[in-house]
Amino acid sequence: MDSFDQAWDIICEFCKSRITDVAYKTWFSRLRPVSMDFEKGVAIIEAPNDFHKQTLLRCYSDLLSQALKNVFGDSIGFELCVTEETDRGSEKEASQDEGYELTFRTFVVGPSNRFAHAACQAVASKPALLYNPLFIYGNSGLGKTHLLSAVSNEFKANFPDRTVVYVKSEDFTNEVIDAIARGTTSALRAKYRNADLLLMDDVQFIGGKTSTQEEFFHTFNTLYEAKKQIVLTSDRPPKDIATLEDRLKTRFEWGLTADVQAPEFETRVAIIRRKAESFDFDIPENVCEYMANKLKNNIRQLEGAVKKLRAFHLLENRPINIATAQTAISDIINNSQPTPVTVEKIIEEVARTYQVTPEDICSQKRNAAVSKSRQVAMYVVREITQMPMVEIGQTFGGRDHSTVVYALRQMEDRLERESHTKDTVNDIIKNIRDR
Ligand SMILES: Nc1ncnc2c1ncn2[C@@H]1O[C@H](COP(=O)(O)OP(=O)(O)OP(=O)(O)O)[C@@H](O)[C@H]1O
């Protein structure tokens with residue numbers, strides 16, 4: 001039973017790498033490993049309801065068998081059991097989810113993203129032949145993750161037997177730290193270096209993180225040499241990620257770099273129409289244009305405003321006009337004010353950068369790496385939150401005021417003398433603010 005539980009993650013990873021994210025979330029994430037009878041050669045897996053079970057048997061039986069075979073060898077089959085009563089809602093839930101799939105079909109193309117879109121389509125159909133790596137960059141909410149998911153979905157459809165690995169760079173960093181701590185780096189390497197397509201989102205966050213960059217450098221080289229496709233996204237071009245090692249910067253520029261810009265008016269109108277259609281909702285032309293004129297720089301906000309307008313209409317029976325759109329937009333804008341940065345967040349980001357733990361930073365430890373990261377954390381806390389020095393001292397393990405003054409002075413000194421420290425601190429501040 002224990003070994004089945006442990007193997008379950010690997011089975012899930014296998015399935016996840018071969019089907020779309022939505023399909024995985026809908027059909028696999030709610031399965032539970034129950035027991036394994038090696039004598040009979042049967043794994044018992046629990047599905048949440050009968051509809052779920054029947055769909056799995058119809059559509060994903062081969063995949064599940066393949067995944068089990070991959071882990072346990074040929075002799076293991078499976079049975080699905082259902083414990084709950086049939087849940088009528090789930091059929092609807094699943095089909096609604098399908099509507100939100102991030103594919104090329106649901107991506108509206110305009111001058112601001114045409115080039116990036118074409119490059120993504122090219123690598124999904126001819127991986128590692130044309131542009132490797134493909135590096136997509138642009139501001140938040142302009143469709144980078146949508147494009148990555150579209151590449152993933154299209155690639156899986158084109159090459160069902162190949163393995164796709166998608167990861168946000170922050171998760172990759174955490175996996176590296178975890179693997180080093182537990183001594184499981186070979187499993188981590190196996191996961192990433194066996195990918196046929198590796199998608200890394202928000203790669204700017206690996207800047208300044210030494211072991212993560214080292215690990216990624218070797219992963220990159222292995223995949224590149226094996227002619228596997230790599231696609232990366234970032235909020236800025238490689239040359240502007242100050243704390244990214246030069247050897248990674250140059251590699252990221254080996255293939256093709258494509259930016260996504262804020263969409264122009266016509267594309268914004270088209271996106272509003274497309275989103276409204278996908279929610280089965282009709283917005284009059286003048287209201288579409290009004291919304292497109294008000295929200296110019298972030299498609300996530302545009303989408304949010306359409307959803308809000310629909311909710312006002314359906315739940316409160318409000319007319320779909322400019323006044324309602326105005327309220328929807330101001331709700332969205334107010335809700336998307338950045339959440340205030342907390343001291344915990346700052347300490348976490350600094351800890352990640354210097355590969356120590358947040359507890360180390362607030363502890364009495366005095367080794368070089370910990371002391372350095374503590375000074376940086378105090379400095380960043382002061383810069384971002386203007387917290388009084390006495391309070392900073394208390395937060396960082398009950399230190400007194402003069403220790404904080406000394407630490408901040410030392411930091412100012414170093415920032416003047418050491419350009420790498422300045423770059424690291426600037427990147428840390430940018431990463432914290434962008435989150
Ligand atoms: N061209 C487009 N057509 C349709 N929808 C889009 C388009 N661009 C973005 N979107 C939608 O806008 C939302 C935000 O896009 P996405 O998450 O891909 O942005 P991002 O650039 O990855 O942002 P971040 O850097 O903050 O992660 C998503 O719901 C996405 O589907």
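The backbone N, Cα and C atoms fix where each Cβ goes, glycine too.
Note that the structure is predicted; figures quoted are calculated from it, not measured.
Copied over from TrEMBL:
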- GLY141, GLY143, LYS144, THR145: ATP binding site (BINDING)
- 130-258: domain 'AAA+ ATPase' (DOMAIN)
- 342-411: domain 'Chromosomal replication initiator DnaA C-terminal' (DOMAIN)
- 1-86: region 'Domain I, interacts with DnaA modulators' (REGION)
- 314-435: region 'Domain IV, binds dsDNA' (REGION)
Fill in the blank from the handout: For the region 'Domain I, interacts with DnaA modulators' (1-86), the DSSP helix/strand/coil residue counts are 44 helix, 18 strand, 24 coil
Fill in the blank from the handout: For the domain 'AAA+ ATPase' (130-258), the DSSP helix/strand/coil residue counts are 68 helix, 23 strand, 38 coil
Problem - Number of Cβ atoms other than its own within 10 Å, given for THR145 (ATP binding site) - result: 19
Problem - For GLY141 (ATP binding site): intrachain residues, at least 6 apart, with Cβ closer than 8 Å - result: ASN297, ASN298, ILE299, ARG300, GLN301
Practice task
Using DSSP, tally how many residues of the domain 'Chromosomal replication initiator DnaA C-terminal' (342-411) sit in helix, strand and coil.
Solution key: 52 helix, 0 strand, 18 coil
Problem - Residues near GLY143 (ATP binding site) in space but at least six apart in sequence (CB under 8 A) - result: PHE107, ASN113, VAL260, ILE299
Exercise for the section: Report the same-chain neighbours of LYS144 (ATP binding site): residues 6+ apart in sequence with Cβ closer than 8 Å to its Cβ, ordered by sequence. Expected result: ILE136, TYR137, GLY138, ASP201, THR233, VAL260
Problem - ATP site shell beyond GLY141, GLY143, LYS144, THR145, criterion: Cβ within 8 Å of Cβ centroid - result: GLY138, SER140, LEU142, HIS146, LEU147, THR233, VAL260, ILE299, ARG300
